Amino acid sequence: MSDPTEFSPPPPTSTDLPPGWLEVTAMDMDAQGVARKPDGKVVFIDGALPTELVSANTHRKKNNWEQASLTEVHRQSSQRVQPGCPHFGLHAGACGGCKMQHLHVAAQVAVKQRVLEDNLWHLGKVKAETILRPIEGPAWGYRYRARLSVRYVPKKDKVLVGFHERKSRYIADMETCKILPPHVDAMLMPLRALIGSMAARDTCPQIELACGDTVTALVLRHLEPLSPEDKDKLRAFAAVHGVQWWLQPKGPETVHLLDEGGEPLAYGLPDFGITMPFKPTDFTQVNPHINRVLVTRALRLLDARKDERVIDWFCGLGNFTLPIATQAREVLGIEGSEALVARSRENYQSNQAQRQDGSALAATSFVARNLFEMTPEMLIADGASDKWLVDPPREGAFALSKALADIHQARIGAEDAPPLPAGHEGWQPPRRIVYVSCNPATLARDAGLLVHQAGYRCVAAGVVNMFPHTAHVESMAVFERG
């Protein structure tokens, strides 16, 4: 929920509006239209778009803001479009997976760009010197990863499979989902029928979807052991729909194939000749089309050279690490999970062995470390590097940015700076940092540290429309030593 202490909409351009009418002047990071009442109170309006004149029904009031739902549009935005999905909207039971289908895709990107710039300035007091061209891709059928909730409803004797309703714990009664790949969208109703036919229909709370370039995997979470008959039904479904079934009886570590064999899950990064095998519960980007462009753009901005050492922080399976290894002299991938580090090494070794153009990947090593507890001592222990790629989760890279800032503050003799660690004399900070973010607020916080305390400039920033029709803002920023 947005807060007017953090977000202040532009003033309305219309005056003397009829009673109850509101002029929407902005959209917040939750995809709500924002207006002001004549008394100055901010109103967040579900379903309203900038430039529209609307009426709305208030359902929550605070001292200086209200939350409301759109009831009527008196002047429509030129960017309003017909939603592509019948389950999108403000009606009872509407799906909560998307928030912006009523807004033209190009305008969605513009809203996300403004959200990024507003966060950088208001939270970090940072303004990028250059705005990068947005990274865009298909608006529909892009979501190759999804966690679908499952529920058997005894009163209706049917199974629901899909996302939750808007602002609700209930599962939407979905027959279709246009952001899923077409072949998965076509499976929704058959999946409902399959689960409904199983003895375990009321003990299967979730199906996780993971699509590779050629393989589609479905992970069935089941709270009780499956009967042989239920397993046979899964096999029959797999044969008809061309999917792999994985089973999850308990935690993520228990995930296993229903039947061994078959082609492994993998996605390619063809610009670098890299193939990335993965398991269905691994973190991979939701949108493979955008991921390919994102990796190429990030590496172009990083501009690693054959005489340079690069560190990839929060490296995961090596989505950026391995492409960097096609360009740099040496690469170090750092990740918080020992299991992911082991998998990264395997991916590196398999790609090294399968290089078809005769080139070799750079010397690359992987280490596990708690990246949320980084210190200046740990930075220096990892050795000097020319450039960094940083791709943290939503929590951001505060400890990493703070450690870099602490070293800089100590070197310039700032008051209250921590002492310099032993061995710092030969250590130099990276000349360039490319930061890929899935949360503009934590990016802005970290950018503030890098720019105001660590001696960097924010030379470029821009959005990546990884999740069309949602309010999620993916972005990237480039920092260079001042």
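Each position is counted from 1, following the chain as shown.
The backbone N, Cα and C atoms fix where each Cβ goes, and this holds for glycine too.
What Swiss-Prot says about this one:
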BINDING   C85, C95, C98, C177  [4Fe-4S] cluster binding site
BINDING   Q285, F314, N319, E335, N370, D391  S-adenosyl-L-methionine binding site
ACT_SITE  C438  active site, nucleophile
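Here nothing among the binding-site residues Q285, N319, E335, D391 falls inside 10 Å of the CA of C95 ([4Fe-4S] cluster binding site).
Cβ atoms within 8 Å of the centroid of the Cβ atoms of C85, C95, C98, C177 (the [4Fe-4S] cluster site) belong to the same-chain residues H87, F88, G97, Q101, F163, A172, M174, T176, K178, I179, H469, site residues excluded. DSSP classifies D391 (S-adenosyl-L-methionine binding site) as coil under the three-state reduction. Across the structure, E335 (S-adenosyl-L-methionine binding site) and C85 ([4Fe-4S] cluster binding site) are spaced 38 Å apart at their Cα atoms.
Cβ neighbour count for N319 (S-adenosyl-L-methionine binding site): 27 (other Cβ atoms within 10 Å of its Cβ, all protein chains included). Ranking the binding-site residues Q285, N370 by the number of CB atoms within 10 A of their own CB puts Q285 at the top. For the binding-site residues listed here (E335, D391), the lowest count of other CB atoms within 10 A around the CB belongs to D391. The local packing around C95 ([4Fe-4S] cluster binding site), expressed as other Cβ atoms within 10 Å of its Cβ over all shown chains, amounts to 22. Cα of D391 (S-adenosyl-L-methionine binding site) to Cα of the residue listed as 'active site, nucleophile': a span of 8 Å. Calculated from their C-alpha atoms, the gap between C177 ([4Fe-4S] cluster binding site) and F314 (S-adenosyl-L-methionine binding site) amounts to 32 Å.
Across the structure, F314 (S-adenosyl-L-methionine binding site) and C85 ([4Fe-4S] cluster binding site) are spaced 35 Å apart at their Cα atoms.
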